[in-house]
């Protein structure tokens, strides 16, 4: 048997260079590159291996471990899970910073390979710098926290363990039904230890992502269910995009006259203008999709996890005869809502159903309902685009909260811009193939409802975990995946302040991204949530501490985000009017470096809910009558929802 004497880290790098995926007959490298932040826990081990021979891996320098791991996830998401980035960090806090990203990737079923440095396997220098000591179990390190949020976790305590660990890692990373974060912990001493690895460990490995076919029995059951139903509705989930099944979904909708709503992950699989595309569905959905969904007698979920936002906490579907048909590659997700399960690739399942349903000449019984619902939403959308603030008699979209306070915000922020009008103008002015990236705050709701996707795969929303601070790093990841397209991070001031470190990496790599920063000086959507459930405004506005009350109810904070970003070398713009916004968007397109447009918008001018409810933990007992009323409303709504 031929062997190669290498360190554990060198063997890992060589192995990663030999991984390929094949999908629909097309083969490509699986691991595009690796994000690094070096510390004592990885620099002389994995860092040495990368310096000596990185092979074809592109090595990137991150600025924050969570930021670079978010970028890696966004890269894989934009690549439809067919190519990934790895991430290496040092031991302790560097590793811990990636835990949030691991959770984000696993929640979204997006493959990311995390390689956190770890404490010494020998324990000789214990406690090493940045080591946690647990007196009840000395084998525990910070990296054990990854177990809860990883789809596969392993620790390499001996060099020869690398082989089985990485074979299993690739199994999970290339499995569409169970992919997510894979964490391989690398003790810093083991990274540098040598072993005689067999040559066959480094052979070219092609991981074929196969399309699972539906069984004849499940297909027959699905046909029987559909033919009994008159008003079905489909839900286009992220699985439609990852399975590249958009054309088949279009064909299914057009052939059988069945409309579909979009989840955040599924949006832009098909253009918004398609006659059967109702748009966003659920808590952050629009009036068209939610109105049709309420009356549907069959819900066909395609590649969706049926989160509470999609089902409106399982209260959206009000037809007493409604049933569920779930098409999903994952048996776990297909099993939800007591559904009839078709465990299969979305494309193959749709093609099989098309053949079977054409045999019986199936048609839904919709007449004008689909067109009427879309027309009603277009009318509402036009209204939202044209909302303008007036100092007197202005009623914000989220009314009853700040009606008397808005003039204070006008003065403090120097703006009269409404969020819906800003989104409308951005949607009009961006290139049709531009990619928008979002994750947290009020913007995901506005974008799922309002954004018109004019080209496929241009809407990139991380809403499986709604990770605050994902947006800027996510934009970098999307840009690395599609460097020829303009990429825009749609981010609020709250999320931007949590994390935007990879803006600097975008400059370093000459990968231009555009940050559209909506500043309403607060955590606006959570302010809406608390006040909408009977509370006052508490801890969600960005106000100075009042020296008299000792509370955060002083003057409104105004931050010059443009000036801050300019210090990095970003081209920046200040915007307080639609005219300035148009000039900034046109100017940003001409730039070759990353840009940031600091857009001051008024709170409470985002969209509100349409025909939906969200179950949150309202206080059962309170001295506040409005909280009591909110609890009673919760109980009433819960009675109309499924129990599971």
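Cβ atoms are placed via backbone N, Cα and C, with glycine included.
What Swiss-Prot records for 65 is thiamine diphosphate binding site. The region 'Thiamine pyrophosphate binding' annotation in Swiss-Prot covers 442-522. Per Swiss-Prot, Mg(2+) binding site is recorded for 493, 520, and the stated evidence type is sequence analysis.
Across the structure, residue 65 (thiamine diphosphate binding site) and residue 493 (Mg(2+) binding site) place their CA atoms 21 angstrom apart.
Following the DSSP three-state reduction, the secondary structure of residue 65 (thiamine diphosphate binding site) is helix.
Cβ neighbours of residue 493 (Mg(2+) binding site) (same chain, under 8 Å, six or more residues apart in sequence): 517, 518, 519, 520, 521, 522, 542, 559, 561. Counting residue by residue with DSSP, the region 'Thiamine pyrophosphate binding' (442-522) contains 33 helix, 16 strand, 32 coil. Other C-beta atoms found within 10 angstroms of the C-beta of residue 520 (Mg(2+) binding site) number 29, with every protein chain shown included. All protein chains shown were included, and the count of other CB atoms within 10 Å of the CB of residue 65 (thiamine diphosphate binding site) stands at 28.
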